Amino acid sequence: MPSSLNRQPPTTTARIALGRTGDAVPVAEHLRFQLDHALARDAVHATLDVPMLERGLRERGIPAITVHSAARDRSEYLRRPDLGRRLATHPGAPSLDSETWVRSMPAGSHESPTLAIILADGLSALAVERHALPLLDALASRIPNPSPRIPVVIATNARVALGDAIGEALGARITVMLIGERPGLSSPDSLGAYLTWNPRPGRADSERNCISNIRAEGLSYAEAAARIAHYLREAQRLHATGIALKDPDTPPLLGPA
């Protein structure tokens, strides 16, 4: 391998320029691969620390509602994606409607919310535990209404489309779902944000906007919050999300050639 490539500063966590020992990769790189694979697998199977999120939201003065999908555990969630898109209806499951939200709000908050924010485990509970609250902090000064008027819902064993059922139940005009993305070998804690106008079951992926790879090694909290705020403004102007919305203007990542 050219020595100049080995001397390049790391600009990506992708597996490039690994070197070799004979016709195999070095032992250290092989072990790192196995470790990253184990971390990604653990992230998929981990359960969300709901009390930690509830505590963090209380410290910020934000009441939260916790709901579950129809998937009873992580095993069923992984085997039955369809159940992760529906709210649980079994006896004892938390109910969710606009009255549930009103009861959790300060006196005087009786109108249906314009915006609902959902913190969902998705395929990486670790991502939500690490990044959801810091992202909410970055977003707080950019959203149009004070946070106590915006319902925050914690959802477990959730797929992206569960946000449609949650938003419809709350009567929200738009939802922002912060959800753990499918772990990669170099990113077990990547958070995604999905925005959906007029949420209701049956929405297509083309009717959403996605902001991906929110984490320290990817898109920063400030950048993600700015993009979410842009999409919220445009969604309220156009009454639509998805392919009807365009990304905000951003400078090129690379300088002039």
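Keep in mind that glycine also has a Cβ here, set from the backbone N, Cα and C atoms.
TrEMBL annotations:
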type: REGION; residues: 84-105; note: region 'Disordered'
type: BINDING; residues: Val160, Glu181, Cys210; note: adenosylcob(III)alamin binding site
> Hey, for the adenosylcob(III)alamin site built from Val160, Glu181, Cys210, who else sits with CB inside 8 A of the CB center?
Replying inline: Gly122, Met177, Ile179, Gly192, Ala193, Tyr194, Ser212
>> Quick check on the binding-site residues: of Val160, Cys210, whose CB has the lowest count of neighbouring CB atoms inside 10 Å?
In response: Cys210
> What number of additional C-beta atoms lies within 10 angstroms of the C-beta atom of Glu181 (adenosylcob(III)alamin binding site)?
Replying inline: 22
> At its widest, how many Å does the recorded adenosylcob(III)alamin site span between Cα atoms of Val160, Glu181, Cys210?
Replying inline: 11
